[in-house]
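Peer 1: Here you go, one structure.
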Amino acid sequence: MAEATQTGTGAGGGLELAEIGKDLAITALLGAAIFGSTIAFKTETATGGLSLVLRFEEAFFVIAAVVIGRLILLLTVWRRPGGTDRTFVPQALQTRYTEFLAKTGKAFVPIVLLFAVVFPFLPFTDRYLLDLGILILTYVMLGWGLNIVVGLAGLLDLGYVAFYAVGAYSYALLAQYFGLSFWICLPLAGILAAFWGIILGFPVLRLRGDYLAIVTLAFGEIIRIVLLNWYEFTGGPDGLSGIPRPSFFGIPFKRGEGGFADFFGLDYSSIHRIIFLYFLILVLALITNFVTIRLRRLPIGRAWEALREDEIACRSLGLNTVSIKLTAFATGAMFAGFAGSFFATRQGFISPESFTFIESALILAIVVLGGMGSQIGVVIASVAMIGGFEIFREAEQYRMLIFGLAMVMIMIWRPRGLISTREPSIFLKEKKSVSADMVAQGEGH
Amino acid sequence: MSSPPLLQIRDVETFYGKIQALRGITLDVHEGEIVTLIGANGAGKSTLMMTICGDPRARSGQIVYDGRDITRLPTHEIMRLRISQSPEGRRIFPRMTVNENLLMGAAVADPEHFEEDAARAFELFPRLKDRKDQRGGTLSGGEQQMLAIARALMARPKLLLLDEPSLGLAPLVVKQIFEVIKELNEKQGLTVFLVEQNAYHALKLAHQGHVIVNGKITMSGTGAELLAREEVRAAYLEGGAH
């Protein structure tokens, strides 16, 4: 690395100097145009009107600071070896980023997992952080579920939240009408959501890309509006309340005799239930991840990926694209159903308001930001998005603006998401992954 | 040639909406033959290829393969009858490795054969072996075409349908590809139905040749016969052999 930099300087020394000079002159001009007008002249209220104060010295210092700052950037971060293409993003940053990822990549996953497991017991973890952790994990799970549909099978689904809603309402209604426990309802909610996934899948089998996105968007809205208007069954806008809390495999989290704390000889604390919920969603999310990773190595998972790459080629190889699409929809929907019933039991109250389009958009943003098809990418994106929302809670209405900006920046820097490498699912000899940068943008459509 | 043909196409008519693309095509492909169909852009070459595969479906007429009427079968079932297609424009899976592409080709075959079939494909195209863990999209055009053919062979076909394998390739690579097709036919007895614009190479190789114009077959004969025909030379071989 150091060697390469040195050669770069030696080869293009003279030329670079001229270029830097030109660049700095333009910077100075631009600086003068901006700061000359804004800083050099200042109006002050004086007796009898406004008076103009001239501040040429300050303006000069600001412009000089800008020029020097740019010079430093040019000499360090922005320097690229001669002959390489000019990109919007500094080359040095790109390679350094890739190197960093390659080095930390191997240790990263176990560290994150370990952190997730010990997180509830860390000294600084309070109720607020634990709730945030649960929220992030819920989105990780939803992101992983949607990753099957969007990332692997390449079916753009804008109505994913519908299955989340089906899961949540399944549990709430089954518990309300039949008094079934969470542990019975959880698989039922998954099955029902998968069933709805197939129902959605059938009419949209012939659609792809934008058209599919619009129909799934409509489907998401239909589910929400039905929930909103079917007052007798779903409670409409009032929602459903008093949804039973989960028990620790039959032992309720309550004070006194027979409760969780009593059974294990602990002092009663309301945090026990929260910690339990945390581990519940952690396990659910990990199951989602595990199943996805296993499926990717099976023929069906490979068929999903092949479908994403080229549907016509799939058909010409004798694959039944109908069943491939339906299984992708159903599997993705099933995990949303699980997550939905978890959401219902955690909140204790659900209403159609929790299942608006913005939720679908957020989950999709997590998948795209993380890098479609990348499992760890979803985790990073969830932490960044949901955690970021919390950090910028102070900024209130600017929050969305900041996020919009951050998304744009990331899409410029990493157009295929944070983790854009696709690990091959089979190897004859040794592992070798190829960066997405080596494949031209937009290939495979 | 007394045995019935492997593939019989009888009076097939195909429409795209109201537009008729095939106007009653009849041709036979006998086992162990290379049959070539040549024609200009939009003549209906690829449509015939796709109609054999059931997408689009023939509106009238009959397609019989190995004694079985496949005219109304769904595409994926047709492809399971040991008919393999290397589609126009190659259509390999760009983000999947060479290995994975081959694995997709073997999707309908017995998984037990995979290692053996992959070894044979690599023997046929040694360049693919060097690139087996490389992604399809990073291969050159010629390598991608080799991969498309290798992938089609993974299903252990009796009949190989090749749609313009020379599309967009350098002359030297084209020659190489056609040599492999010839070798497959001669050594393994593979039946090949080849659709081409590159008339010279395709006819030189063919046992039987057909010329399609506006959805109709206008000329038929052995490959050598067609090559010698004045009309063919004028229409499809202008600029001479290359």
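Here the Cβ of each residue, glycine as well, is placed from N, Cα and C on the backbone.
Automatic, uncurated: that is what TrEMBL annotation is.
Sharing the feature lines straight out of TrEMBL:
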- A:59-79: transmembrane segment (TRANSMEM)
- A:100-122: transmembrane segment (TRANSMEM)
- A:128-148: transmembrane segment (TRANSMEM)
- A:155-174: transmembrane segment (TRANSMEM)
- A:180-204: transmembrane segment (TRANSMEM)
- A:211-231: transmembrane segment (TRANSMEM)
- A:275-296: transmembrane segment (TRANSMEM)
- A:317-343: transmembrane segment (TRANSMEM)
- A:363-386: transmembrane segment (TRANSMEM)
- A:398-415: transmembrane segment (TRANSMEM)
Peer 1: Spell out yes or no: are there three or more C-beta pairs under 8 angstroms between the transmembrane segment (A:317-343) and the transmembrane segment (A:398-415), with each pair 6 or more apart in sequence?
Peer 2: no
Peer 1: So what's near the transmembrane segment (A:211-231) in sequence-distant terms, Cβ-Cβ under 8 Å and 6+ beyond its ends?
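Peer 2: Sequence-distant neighbours of the transmembrane segment (A:211-231): 155-162, 165-166, 169, 196, 200, 203-204, 237, 352, 355-357, 360.
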Peer 1: Is the transmembrane segment (A:155-174) packed against any residues at least 6 beyond its ends, judged by a Cβ distance under 8 Å, and which are they?
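Peer 2: That would be 142, 145-146, 149, 180, 182, 184-186, 188-190, 192-193, 196-197, 200, 208-210, 212-214, 216-224, 227, 233-234, 240, 243, 308, 325, 328-329, 332-334, 336-341, 343-345, 350, 352, 354-357, 359-361, 363-364.
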Peer 1: What residues in the same chain, six or more past the boundaries of the transmembrane segment (A:180-204), come closer than 8 Å to it by Cβ-Cβ distance?
Peer 2: 159, 162-164, 166-168, 170-171, 174, 212, 215-216, 219, 223, 244, 246-247, 249, 325-326, 329-338, 340-342, 345
